[in-house]
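Please read the structure below before turning to the comments.
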There are 2 protein chains.
Amino acid sequence: MKLTILGCYAATPRTFTNPTAQVLEIKNRLFLIDCGEGTQVQLRKNKIKFSKINHIFISHLHGDHFFGLIGLISTFSLLGRTTKLHIYGPMGIKEIILLQLRLSNSWPNFELIFQELTNKESELILEDDKVKVQTIPLKHRIYTNGFLFEEKEGDRKLNIEAVNKYQIDTCYYLKIKKGGDITLDNGTVIKNEELSFPGIQPKSYAFCSDTIFNETIIPNIKKVFALYHESTFLQTEAELAKKTFHSTASEAATIAAKAQVSYLILGHYSTRYENISLFKEEAQRVFENVLLAEDGKVFDFDALQ
Amino acid sequence: MKLTILGCYAATPRTFTNPTAQVLEIKNRLFLIDCGEGTQVQLRKNKIKFSKINHIFISHLHGDHFFGLIGLISTFSLLGRTTKLHIYGPMGIKEIILLQLRLSNSWPNFELIFQELTNKESELILEDDKVKVQTIPLKHRIYTNGFLFEEKEGDRKLNIEAVNKYQIDTCYYLKIKKGGDITLDNGTVIKNEELSFPGIQPKSYAFCSDTIFNETIIPNIKKVFALYHESTFLQTEAELAKKTFHSTASEAATIAAKAQVSYLILGHYSTRYENISLFKEEAQRVFENVLLAEDGKVFDFDALQ
C-alpha cells in the first residue's frame, strides 16, 4: 500500500501549494482521494498513469476538494479513455459534473458511475477480492465523509525448501499460497504452515479531512495502520479551528492516540503557517509516530513497520 | 493597453502549459478573458492583483476556457472581496456557478452579476467612459463569442510652455486636457491645439478563440490594433482544424491580413507541437506583423507602433 500526496494545503491553490488530492495504491490499483483544482497537473508531475485510476472518492463539496474533478474527467475523455470511472461523493456531485458535460456538449466515451452518499452512518461503498472501502462520517460545515481503505489478506509465500522436500507438484502451488493443506500420494496431510510463510501484512488507511475534533470517529478507525487526519491549524488557533469545523495538530494526535493507529499523517495545513514542522512538533507531544504530508511526498506503508 | 497571457494552449493543462486565460489592462482596469483550470495560480505567478479584476469574459463553455472560474470566484470570496464581479459568458454559465456555490454552501460576500449571451449577432456588452466591449460571434462546435475591446480617446497632454506663456490658471488645465479652448481676460480665444498635444492613440484589441476559419468576422475586427486569433494547428493539419472547428496559423494570418489589423497574436496551440516558432513562420508567409503568445508573456500595445 502506497500513498502519494498530490496536494495537502487548505483553501486555495497557490504557486507552490496544492489543495487536497492524494493517490492510494493498493495492489497495483490506484484510488484517487479528493481532487482539488490542478490535480491533473499534479498527477502528471508525479508521473501517475491516468488510465490506472478507476475510482475517485470525494470527501465533501468544498472547492479545494473537488474543483479539479470536472477537468480530470474532461482530460480522461480527451485522452481516449473507454474504461468505466466510479465516483463516490456527496449527493450533488453527479449534477455538477453532468451539467458541465451537457453545457460543453462533451460527453465522454466512457461510463461515469456515480455513487452519491447521503448516509450519516459508516457504510461499505466498495469491496472486491483485494480491498474494502467504507465511509467515515465526519463533522464539518457541510456533509463530509472520510474513507477507510482496508487491504485484504494477500497470498502466503511459498516455502520452496519444504515444497521441494515433499516433491509437491507445481500445480498445487496456488492452493498452498491460498492457505490450503496438501495431501501426499501416501495419504499424509502436510499442514499449510509447513509449506508457506505469511504474506505481506495487509495494511489499512483512513483519510479524515475535513473535520472538527470528533471522538465519535474512533471506533471506525481503531488500530488502522495509517491515519491521515486534517490539521488545518495549530493549537494557538484552537478557537478558529472550532469555529470553522477544522482540527489542530494536537487534536489530530489525540484522535490518533485514542484510536491506537500505527502512524498519523498530518495535512490540510492553512497557508498562514510558513513552517509546517511546527505541526509535527505539536502533534508529537501527544502521539509519537507523526509524519508530515507534503505535496509530491510518497509514503510506502509496506516499508514502514 | 497591456495584455498578459496567463495561458495559451489548447485542450488540457499540463506541467508547463496552461489553458486559455489572459488579462487585458486598459487604463488601470483589468479585464480577464477566459479562465481555464489553474488561472488563479497563473494570476499569482504573474503578480496580478485579484482585487483589480471586476469583469470576466468567457468565450465558450469548453473546459479549457472556463474550468478555473469557480475556483477563482471561491478564492475571491476567501480573500474577503466585497466588490461586485461582472461575468459575461454563454447562457448556462450562471447555472454552473450558482449550483456549485449552493452545494458547497459557500455564498460569496460580493455580488455576482451575470450577463448571459445568446445573441448570434455582435452586441455591445459593456461601455463606460474609458472602454467599449462588443462580442464577436465565432463559429465553433458550441456557441462561442470573441470580444472586441476599444479604448476611448483619452485626455490630451498639456503644452506646459504654451500654458505658461499665456499665464493660464491651473483651474483651466482639466478643460484644456479635455480639448477645450480658453478665453483670456482680454477676450482673446486660444485654440486648444496651441495649448495641448494629442494624448496616447487609443488602442483596440480583438480576442478570437476558438473558431474555425471564418471571414464573416472581418467587419467586426477591421483595423483593430491587435488581433489574438487562435491557431490550434499548422496547415499540415488543415483537415483536422476544419473537422474540429479550429484554425491554422496560416488561416489566422489570412484573417489578419484581410482585416488590416496592425498586429496578429497567435495562440491556443495544440500541445502536439513542440516548437511554436513554426506557427510564426507559417503565418508570416501571409501577414508580416505576427507575435507569438506564450504563457507569462506581456504585450504592451502602447510601446508598439
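The backbone N, Cα and C atoms fix where each Cβ goes, and this holds for glycine too.
Those TrEMBL annotations? Automatic predictions, nothing curated.
Of the listed candidates (A:D210, A:D300, A:D302), TrEMBL assigns A:D210 to the same Zn(2+) 2 site as A:D64, A:H65, A:H268.
Proximity to chain B (Cβ-Cβ under 8 A) holds for A:H62 out of the binding-site residues A:H62, A:H65, A:H140, A:D210. When the alpha carbons of A:H62 (Zn(2+) 1 binding site) and A:H268 (Zn(2+) 2 binding site) are compared, the span between them is 13 angstrom. For A:H268 (Zn(2+) 2 binding site), applying a Cβ distance below 8 Å and a minimum sequence separation of six or more within one chain yields A:C8, A:Y9, A:A10, A:T20, A:S209, A:D210, A:E230, A:S231, A:T232, A:H246. Under 8 Å, Cβ to Cβ, and six or more positions away along its own chain, A:H60 (Zn(2+) 1 binding site) finds A:F66, A:G89, A:P90, A:L138, A:H140, A:I142, A:Y143, A:T144, A:N145, A:D210.
For the binding-site residues listed here (A:H62, A:H65, A:H140), the lowest count of other CB atoms within 10 A around the CB belongs to A:H140.
Reduced to three states, the DSSP call for A:D210 (Zn(2+) 1 binding site) is coil.
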